Structure formats: structure tokens, C-alpha cells
Amino acid sequence: MNEIVVKGARVHNLKNITVRIPKNRLVVITGVSGSGKSSLAMDTIYAEGQRRYLESLSTYARQFLGNLKKPDVDEIEGLSPAIAIDQKTVSHNPRSTVGTVTEIYDYLRVLYARIGKAHCPECGRPLEKKSIDEILQDLFNSFKEGSRIYILAPVATEKKGTFKKEIEEFISKGFARIEIDGEIYRLEEVPELDKNKRHTVKLVVDRLILETRNEHRILDSLELAMREGKGFVEIRNVDTGESKIFSENLMCPVCGIGFPEITPKLFSFNSPYGACPNCHGLGFTFEVDPSLVIDEEKSVLEGAIIPYRWDRRLSRWVAREIEKRGVSPHLPFKDLPEDVKEFILYGDDRFEGVVPKVQRWHRETESPEMKEWLEKNFIVQRTCSVCGGRRLNREALSVKINGLNIHEFTELSISEELEFLKNLNLTEREREIVGELLKEIEKRLEFLVDVGLEYLTLSRSATTLSGGESQRIRLATQIGSGLTGVIYVLDEPTIGLHPRDTERLIKTLKKLRDLGNTVIVVEHDEEVIRNADHIIDIGPGGGTNGGRVVFQGTVDELLKNPDSSLTGEYLSGKRKITVNKTRRLPYASLKIKGVRHNNLKNIDVEIPLGVFVCVTGVSGSGKSSLVMETLYPALMNLLHKTKLPAGEFDSIEGHENIDKMIAIDQSPIGRTPRSNPATYTKVFDEIRSLFAMTPAAKARGYNKSRFSFNLKGGRCEACQGQGYVKIEMLFLPDVYVECDVCKGKRYNRETLEITYKGKNISDILDMTVDEALEFFKNIPSIKRTLQVLHDVGLGYVKLGQPATTLSGGEAQRIKLASELRKRDTGRTLYILDEPTVGLHFEDVRKLVEVLHRLVDRGNTVIVIEHNLDVIKNADHIIDLGPEGGKEGGYIVATGTPEEIAKNPHSYTGRFLKNVL
């Protein structure tokens, strides 16, 4: 069968649709936000492919995997095993790096174990172990036959002592001579040694001529010398004075440091064998920051010790202790004597100070909430003082290939690593050992280059990757695995990609297809849509207005019949996102000087205020480093007196021209299903107040807290207002089952009896934003927030949709709506990180209107963006580059979109030309 046929799909908002998908083709599913693209691709095709694959496993294997629910679909024909590559699975494990996620690091560990050269961790001397036979071979290769040689056993190197005991032992064993500090003595004639001076002592095991006929004697003497020299032997050519030291163990002849056996495990920072003993392979340690636990202005009794504020007994106890030292506990902390401050912070033998106490709480608590509270308020991550952030122990870091240890290698960018491997000088034997291994590493690195990630390093922590980067890493890993006959489902792989890199990504997707796979991509990017073999357009609107197939066929068919869908109208040029031709002029500017965070090259950036600013540049050029990691925390610390860690810079000028700062990124709006769009935007407070004002609620004496699913009283106690019950499966992932008592409605029966216009509180949470907007159109306080949610393109989202099920783009737009509903000051600076993620052309148009509205009120909007429709609407562009990683971090161009389009050095300008 050469196609996948989906019949009667009804998952979420899909309207019983039937779709035919050609196999072994690149298929793009597109449509406005919330139209049902992911419902078809992820929740129907992928979910059923996965479920059928798991059903084919044995009952024994299935018990560990749990039961996957069958999607609501009549049937799917021609399905193969499916692999999903989505945006949500950015790793939160601090041990994961780009190297471990792509499995390249596993290959590197083998490479270093096989051909790495060990060095002494103390003195850096190369270490090598050789068998007796190899030493013999080496002697004949290094010295001329007929040379006079001494075979010596090193006894001590630069050590104090008289060595009387050793000398007596050597006499009893029948040895004749010994070398002390370069002089050879007969053992019976050794002078008295000064025990306070350092001596180098070597036992002379044999003196002979290097000849083939002496081979057996040499072998015996070498063995004897190894035994006496504890694994070391020195051969000296008496004629030339040249010496060679050999060892049968990896051990330093000077420092006497033994070296563990070199295995791949030695290079794993997740194994106690290779990890740094201090940070256990994390590269950082959690430490209590003394400045965060103390409020200097207050006295101990007024609550100067912040972690003790929730238990005043602790503060009173500290007050008594300092009174014993003759100091008043009513003095502000800053006025206390230094020794008392030290005592409060670090304690003594009897008294546990605040810092060790908080450190102990963090170490011993089993409550994730407590741990999170401590980390958020009092604890900072510090680079490990032992390994310097390198994660490995010193032995692992002393093994080198061409002068680089494994950490130094992973610190290179991927393009530099490829260069390094291609220029490796290896012997014939080494090539034989690692030839295939090198090919595999190079192949996997090339796949990362193909998906536009050549600027990353393998040591980069996976937790710092954006959703788009982590998705493309997993895409590269899949190509590396070389599977065929599989259905790949990708969710917006172009996130975070500059138009320049999209072309390479499309080639990669086609490579995946040409291996014999069906590649289904949920995508809004014009280039990807134009390169598809087959297009499925879902719509026409979002939420209840979506869920239908408005078009399926090839690009050419869509362009011939553009009126069939919104996508067709935009692709054919019938509809366009207009350009705001009159560029606004700034009322002032903000200057940040000497920025050198990550790859930024000590740049000075001027940001005009009161206008719409776009920060652009290829992936890895330094956009997030500049805006999210330096400018945002630095301004927050100045304006709102926070203590956020900011990237390195020299100074900021002009911040007095703004009075409020709001950053909106793609992090989740909450980590638990209790958080949802209604609670996050605070519209739920208004709705609960409205329900409390109904006659029935007043008659029963219900206030607004009765309608909260987080508080006792109105909620269903069986599931504590969650609507489902979590069943812990011990070593399996937790399973969530609908609550038997409230049937998923979250509230008890009495609360659900209160209705407003025929709907109870649970029905309201089940409405989409657009449905609620119509329902509450006469209540201004509620309508205002819902209108903003609608304006940012979230009309299809349910008010009670758990935060855990929202995509990064949706979470960001909910945050944007939450800020837009507040009254701005007209001097607010808004920062947005790729707000167009997950948006169709039509949604981008709405978003641009919202951003213009903000700027028209006098505010400043800074957007990090790759979408040309947004960039062309900016008043001012700051283009970073020219490349990603080490080749980036410079300002390539600044100015209006028209000025950038004329700049020959700007990649962004080249693409802007075509849309202005």
C-alpha cells in the first residue's frame, strides 16, 4: 500500500475527517493556530503508530510501558512505526549535553580510550605502558647494536632519607651496584647519606652489550628491574649518555602517580570512575549565597535572617546566642561586629550557622517544592572549584589526542571539531583501530552541520538549548540512526532558524525522505511549504471553527486554486502582511556598552526607545545572549532592584527613560496541570467573582473562593480539584486517570449547581477563548482579557487547558496577553523571544497589529525574530553575525529594514529585499 489513509478522525476538534497521505513523501500539514494540525499529526497518526508498535511487543514488555489510549479515529490503513520529533522535549537534566543527546560523546569516549595518550596529572609528562617484549623491540630500534647499556631499576626520585634498609636488602638479594645522585657505587661502599637532602636512587640490575645473542639475558634483566623498580625500568646507553624510561603500568616515573586503566568509562562524567569527585560530574555545585539569606537593613529580631522568617523561634534562638556575646539583637545586621556576622552566617562547633543550615535543608529535604523554594531564593550555581566546570576527574582530563583532552575537544564548535578530526595525524596501526569509529563521529557531526547547528559545542548543556535547537539535534540523531520505512512526525522544525539555514534543513528533511521514510511536518514556514511533495491544509479557523480539511494536494494545485484556503491566498500573494511604511522615530535611546557574554565580541549596542526594534541574525549569532541573558537581567536589576545573574558588560546608559520592563519568553506558564490560561491571565478571578454574585450563590453564602479548584470547600476532594487522579507506578511514569467522583469536572456537586446563564463553573473552564468572549461580551472586566487572548491568536485555546499541554509559542502568547491586559505606563519596555513560533501567516498578521498597538502608546518593543513579515514591520533592526558561534557576536548592520536590505554583508538584508 503506497499511502496512509486516515478515516473518521475526531481527536480534539477534528470533524470526522478522512485524509490520504502518500508514503515516502515530504508531507506538510499547515493551517491557522488551533486548526487541528497537531491533533492530526501528533495525536492521531503518531499516537496510533506508537500504540500499534507497542501492541506488537510481548505482554511482559508491555507491562513496563503502560497502555496507550487509542485515538478517536475509525481506522488508519498503511501505518508504519512512528517517531515524533517535537519541540517540547527540551531536556531538564543538568547531566545532558549536546554530546550525550546525539550519542557522539559515547563514540568520543571510545576514541579517547583507544588512541588517547595519557599524561601525568601533576607534571604533564607523557605516560606509556609497554610489555617486556615491546621494550626489547624498542631498545633495538632506538640504540645501535653493540652499544654498552645499563639496565637500572628506579628506587627513589628526589626523596629524603638514608636508604640504609633498601641497600641492605639489595645486598642480601645479590645485587652489586647502585647509582645515587648520578654516581655509581658498589653496594658495600655506599657513603652515609644526608637524611635531610633529596636523593635520586637507582639500582644497577645489569651491564651488558646490546646484541641479538644477549636477548634472553636482557629479557631476564628487564623483568628483574621491573620487579625492583615497582613497574619501572631505565635503560641507559653508556656510549651516548641517552636514557629511556619504560613502565609496564601507566605511572609517572617522576611523581610516582599511578594512572587508572584507560577505558571508555574513565571519560564518562555520569560514572563515579570518571566524574569529578567534588561536583559528581555536574560541572557546578549548589552553594548558599550569604547575600541572599540576610537583609542587612533589619535586626535579627526584625527578621534579618530571611530563611528563618517563617519560624520566629529560630530568629529568637540566634538573638539569644548573640546576646551571650554582648551584642544587642536589636542592631541592624549591617552594624553588627564582623565576628558576630561571621558567627550568624557560618556558626561554630556548637551552633549551626544560617549558611550550613540552609545547605543541609537543601541536601536532606525530600520535598521538590522545598528544594525549588530554596534554590530560587537562597542558592546559586557556582562553577565547580575542583574541575573548573569540566565535569571529569584529573586523570580523564590528562588523556590527550593531538594535544587536546576530551573536554577541550567538546569545547570546540562542531565545525571546528570536524576540521580537527579530518587533520588528525595517526599511525597506520591507530588508523586500523579507530578508522570506522572516526567515520561514524564525522558523519554524525556533519548531520548537525546540515541542520544548521555548526555553532554549537558538544559540551553545551542540553538545558540551555531552545526548543528549535533541541528538536533539530534529535532530527540529526535520527538521520544518524539510518532507519527506513518509518513515519517521522515533526512539529515546526524551523523554529529559531534564520531563512539562510532553512534551505539546509529542507535538504535534511528530503534526505530523511530519500532513505525511504514518510516525513510529516507540521509547519508554517513558506519555504518548507513550497518544498513539500504534498500539502494538507486544516482549517478554516481555529478551535471549534477548525478541524476540517480545506485542501489536500501538491503546491502547484494549491497555487492554481488559491481561494480554497488562507494558506493558498498567502502563498499566491493574494493576501499579504502589509508593511508599516512610516517608520517611527525614537524619543530617546538605551546604550549598553562592552557586552562580551558568551560569543559577543565586546560590542556597544544602541537601542532606540519608543519604537519597534527587531534583533536578527543567523542561529547562534548571539541574539539571546545579548537580549535575554544580558540586557534583560541588567535592566531588571537596575529598575526593579532584583539580583538576576547578567552576562558580562561594562555599562548601561539611558535606563532612566523607561520605568517598567517585561520579558516574555517560551518557558511554560506553570509546571503543573493546575495552571491554565484562565488562572494565569487572572480572568478566572473575575469569573469566580461573577459566580459569587449570582442569587443562588448569595442564598447559600458562597464567596468567590468557593469556585476555586485549588481551595477546600468547592472543589472535589477526591481529586483535590485536578479532575483526575495521579496513580504512581513505582519505576514507571505516573499515570493520570479521570476522577471517578466528579468525572473530570474538578468541583463537588453543590458548587456545580450554581449556574450563570445556564452554565456552571466547570462548563466555563471547558469553553474556548472565542466561545467565552461571546458568552461574556456584556461583562467589560472579563471581555477585556479574553479580547486580548483572541487578538494574540489564542481564540481556540480552552480556558481550563492545563499549562503542561501548551506549546512554547502558546505559553508565550498567554504571557503576552497577560501583560497586555494590564495598563501600561507608556514607558514600558517589552522583550519577546520569537513570538511567531507556531503561527500561521494570518496569526502573524494579528500579532504584528498587537505589537504596533503597544508601540503606538509610547512603549518600546524588542523582538528576537527570524520571521521576515515581522522584521519588515520593525522601525529599527539590529543584525548580529555574521555567522553563529565563534564566528558570530559582532554587529553586522543596524537601521531601518530598507537600510538593512541594502547592506551587502547582512544575510537578513538579502532575504528582506524580497519582501519589502
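All positions are counted from 1 along the displayed chain.
In case you wondered, yes, glycine gets a Cβ from its N, Cα and C as well.
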Matching 252-279, 840-867 to Swiss-Prot annotations, zinc finger lands on 252-279
For the zinc finger (252-279), give me same-chain residues lying six or more residues beyond its boundaries with a C-beta closer than 8 angstroms to one of its C-beta atoms, as numbers and ranges. 95, 100, 106, 108-110, 112-113, 116, 118, 120-123, 125, 127, 154, 157-158, 232, 234, 245, 285, 384-387, 390-393, 395-396, 398-399, 406
Compile a sequence-ordered list of residues in the same chain as Ser619 (ATP binding site), six or more apart from it, whose Cβ lies below 8 A from its Cβ; state 'none' when nothing qualifies. Gly452, Leu453, Tyr455, Gly468, Glu469, Gly496, Leu497, His498, Asp501, Gly884
Ordered by sequence, the long-range same-chain Cβ contacts of Gly31 (ATP binding site) under 8 Å (at least 6 apart) are Lys37, Asp537, Ile538, Gly539, Gly546, Val550, Ser565, Leu566, Thr567, His840
DSSP-derived structure type at Ser33 (ATP binding site), helix or strand or else coil: coil
What kind of secondary structure is Ser621 (ATP binding site) part of, going by DSSP in three states? coil
